[in-house]
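Engineer: Below: one structure in C-alpha cells.
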Amino acid sequence: KESAAAKFERQHIDSSTSSVSSSNYCNEMMTSRNLTQDRCKPVNTFVHESLADVQAVCSQKNVACKNGQTNCYQSYSAMSITDCRETGNSKYPNCAYQTTQAEKHIIVACEGNPYVPVHYDASV
C-alpha cells in the first residue's frame, strides 16, 4: 500500500517544471498522477520545488491546520505552485481542470519518523 508520504509526493510534487506554460497542465497532470481514477478530485495543488525543499517545511513555522490539528507548518519562503480546480463542465470520467499558477507560502501537515509532509493544507 502506498505510504502517506509517497501519496503526498505523487499528488503534490512536480519538481520537473518550474513554471507552467500550458493551460492543459492540470488536465495532463491530474490524469497522469492518478487523481481522476475513481472520481474527479475537485481541487489539487502541485508544488514546483524539490522534494527536499518541501520536506524541509516540516521544520519551519508551526501553524494550526484548517481542521484544528497542530501539526501543520508554513514555508518561510514563497514557492512556485500550480492550483488545479475542476471546471463547471467537468464530468467524470472526462475531468476538466483550470490551471492557475502562483507564488505562495505553502502549509503542509507533517507526521511520522522521519517527519515528512503527508497532507497539503493550504497556500497563503
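Placement of Cβ uses the backbone N, Cα and C atoms for every residue, glycine included.
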Engineer: Swiss-Prot pairs Cys84 with one of Cys26, Cys40 in a disulfide bond, so which one is it?
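Structural biologist: Disulfide partner per Swiss-Prot record: Cys26.
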Engineer: Per Swiss-Prot, which of Cys95, Cys110 is disulfide-bonded to Cys40?
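Structural biologist: Looking through Cys95, Cys110, the record in Swiss-Prot gives Cys95 as the partner of Cys40.
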Engineer: Taking only the recorded positions Lys41, Val43, Arg85, His119, which one has a CA atom nearest to the CA atom of Cys58 (disulfide bond)?
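Structural biologist: Closest by Cα distance to Cys58 (disulfide bond) among the recorded positions Lys41, Val43, Arg85, His119: His119.
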Engineer: Just give me the nearest neighbour of Cys84 (disulfide bond) among the recorded positions His12, Lys41, Thr45, His119, Cα to Cα.
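Structural biologist: Ranked by Cα distance from Cys84 (disulfide bond), first place goes to Thr45.
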